[in-house]
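Report on the following structure.
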């Protein structure tokens, strides 16, 4: 249920010019020029084109010694792969599944009705499969499909723009993941004995949100504020709601609290926008780094993450949960340290290192909040 929770993000690489060179109409030489001369002229043009491509390769292409592990996770530095099943897995970006899985854990904890027995553990694993591999995989594959023009500029070596996987294979994968996730959601409602299929409708809503996030005409990601908040809600609110609805009752106060927490998710989503500024600007997408500039967008990002968590801590203090509030504040401190150490110095160079260092504390804060609401 990725939409069911991106462009976390994660804790976790231009061939357009060469395409233009290849599609540029050949220069016609006069009829009097000999066949040999034409051959020499054509070869010279090809040499110039190859040199032009090579001159850009260091900035755009992945390292020759790309990582097979990164390829399977669907992150930067991936090795080029020809195995279709590995490419299919890469499109689902497994590195984005853990936040959704964690969201289900938080929802189950917040319900106050999860018990460490075989049935509840099996239910939670099924819900994690729905949220992660199926619906997050659907969302990521769908997003890559609609981002193929941007990726042709920013990351032309990715599976779709590079032609490593065909159009029909991508579309088939999108449908299989979507229908598999919705089917599993319906089975979870039956398993939980729900009179109203809450989990199924959450899955449908999350899948629809994923579609309008990536696809025209709405394409929410064109607007940095709306798109990133939708992404944050998908990674935080929706899986939490699914986990809580599966084991208990989804209440209005939890809906409001998790939507507020999704503002922090908006900040996390902005982290991933810095690496795509060139393509976003070329195609008219108003991501926050494009709209406000990198310097301002950095501070919007960290402000959304930190102020949201401080506000949640204040809420917990106000409802008589002082120890949980203090625990959450303690988890904010290392995040701020890593923001100054990595992200604010260079959000492109240190994006993965920052997320790997800071986000574990943010997701632990989510669990602290969930436990606070369950007591």
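Here, residue 1 is simply the first one shown, and the rest follow in order.
Note that Cβ sites are derived from N, Cα and C of the backbone, with glycine treated the same way.
What you are looking at is a predicted structure, and each value in this text was computed from that prediction instead of being measured.
Check TrEMBL against the ranges 174-192, 288-306 and you find transmembrane segment recorded for 174-192.
Stretch with the largest number of CB pairs closer than 8 A to the transmembrane segment (225-242), among 174-192, 254-275, 323-344, 356-374: 254-275.
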